[in-house]
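Right, one structure below, let's go through it.
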């Protein structure tokens, strides 16, 4: 502010000087602000989005790999390679024969006519030709109940998910039982998605289906692969005493990896409690579980899992290779060789498991109607006695 008692000339001089100084200060501050803003933008501005080409390039060997001659040693996922190039060769242990044969096509035709939804086809199971390829009375099919939408989202599974799936069809137990009784199979597996939206997790629906199958065709052996019912042991009891022959519930993986592999609502100990309760509810039941290998588990972790299973009296265990359904799912850490699967089969049998199926392409319902299990079940029904177990 210019003092009022100064002469007009001096006031004018001071006024112009003040304005020039103010402009200089503003200019200096503006430049400093611009420089600071530019520096901050440079620090926080994200890099240009990588192109598909860059992503693909980064998956392969680096420049140093080519210089050192190690480019040929860079691992390429055989399943990913096969998806991109149909001519790419898979390891021999991941190859399966093309489904064919009179029995296979007969079972497939029956599935269509009876309007049954089988996991065998929908999940593109690699063992379908084995399970459907023999005599119809020896064939095994896995029927999906309670819809095709799960309320959980495990990182290995490609089944559709939703918090509010469609309500169960009240006629499904009757229709399924009627269809299966007319089919002529000797062994059937019923499975289901997790239904956390239902008060009992769908236990009553499954139990009613089993009861009606046994009513219409008592000779059919029934296995149910169920969920954990959120740990509700009452729901477990409902299913265990429904008349089924094999109660299956999958652990999927070892305890340390469970939080990373399965939905957060599924816990290792909760699954063990379900298998244990099923045996307590009906001691004559065969209890069964399945483990996938290839998530990065260690031998000691697998051994501890087998000890835990034997500790609760689990009778049957299967081992199979985890295969990534899509790029949105967990990566495969290791493709386990067939020799390792043979090793775990021997270990499990020595620990006292009644039956073990182990191989890269084995799934939880693989050859569920194996003659050995059928014989054990039929002997129990006639009170001939249980098959001996190894100590």
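Every residue, even glycine, has its Cβ placed from backbone N, Cα and C.
Per Swiss-Prot, the features are as follows:
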- 120, 125, 131, 365: [4Fe-4S] cluster 1 binding site (BINDING)
- 150, 154, 157: [4Fe-4S] cluster 2 binding site (BINDING)
- 135-354: domain 'Radical SAM core' (DOMAIN)
- 1-44: transit peptide (TRANSIT)
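Long-range Cβ contacts of residue 154 ([4Fe-4S] cluster 2 binding site) within its own chain (separation 6+, distance under 8 Å): 252, 261, 262, 263, 266.
Secondary structure at residue 154 ([4Fe-4S] cluster 2 binding site), taken from DSSP and collapsed to helix, strand or coil, is coil.
The predicted model assigns the domain 'Radical SAM core' (135-354) a mean pLDDT of 92.
For residue 150 ([4Fe-4S] cluster 2 binding site), other Cβ atoms within 10 Å of its Cβ number 21. What surrounds the [4Fe-4S] cluster 2 site, by Cβ distance within 8 Å of the Cβ centroid and not counting 150, 154, 157, is the set 152, 153, 156, 158, 159, 161, 193, 194, 263 from the same chain. If you take the C-beta of residue 157 ([4Fe-4S] cluster 2 binding site) and look for same-chain residues 6 or more apart in sequence within under 8 angstroms, you find 150, 325, 329.
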